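Here Swiss-Prot flags ASN24, ASN64, ASN72 as N-linked glycosylation site, drawing on sequence analysis. Annotation comment: Swiss-Prot describes 143-163 as transmembrane segment, evidence class sequence analysis.
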Amino acid sequence: MRPQLRGNQRNRIRWWQHNSKKCNQTEKWHNVDWIHYEYPTHKMCELGNYHQTTPRHDICFDCNDTSLTIYNLTTRNAGKYTRHHRDNGQEENYYVTVLIGDTTLSTLGTCPVRYKESRNTENTIGSNIIKTIEKANIPLGIHAVWAGVVVSVALIALYMGSHRIPKKPHYTKLPKYDPDEFWTKA
C-alpha cells in the first residue's frame, strides 16, 4: 500500500518501498508506530488502544494504522519513514524524495485542524441532565413552596399530637393549717 503524500502541487514526489512485501498487500496492523528517520529520529505517531501524534513545527501530517499523510510537503520532509509493528517487530520502510521545480516552498503553519474543542457546555457530562431540568418547566420557587408545606404540616402534626397526650394533673400547695396533706388537686 502506497503512503499518501500530499504537498505543493508543483513539487514532484519520488517514493519507493524497501522491504520484501509488495505494496498492495499491506495488511492492517494494530500497535503501530510511524517513525521518521532523520537526525534526531522522530516517532511521529503511536497507534494501538490510543492515537498519539507528536506534532512538529516543520511538518504537517496525519496517520492511521495503514497510511501516513504528509501535508505541505517540502524537501525537509524527504527521508525514510517506517511503519513499525510493536508486537512482532515487523517493519515497512518508505523512502521519500522531493524534487523541487521552479516553485516556491509551501508555507509552514498551514496544518489542517483535526480536532476543535468546544468552549460551551453542550458536550459536557451533565449537559443532558441540565437540558432535562430546563425542559421540565418547573418554576424556580417551587422548592421553597414545598419546603413551606412540609414545615407547616410538621407544625400542625406536633400541635395536634400534643392534645392527644393525657394531661397531667396540676398540683397546688395547700395552706399551712392542713398538716396531713401537703399537695392536693386543684
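Using N, Cα and C of the backbone, Cβ positions are placed for all residues, glycine too.
Source: prediction; values computed, not measured.
When each of the glycosylation sites ASN64, ASN72 is scored by how many other Cβ atoms sit within 10 Å of its Cβ, ASN64 comes out lowest. On a Cα basis, ASN64 (N-linked glycosylation site) lies 18 Å away from ASN72 (N-linked glycosylation site). Panel annotation: around the transmembrane segment (143-163), no residue of the same chain lying at least six beyond its termini places a Cβ under 8 Å from a Cβ of the stretch (none). Under the three-state DSSP scheme, ASN64 (N-linked glycosylation site) falls in the coil class.
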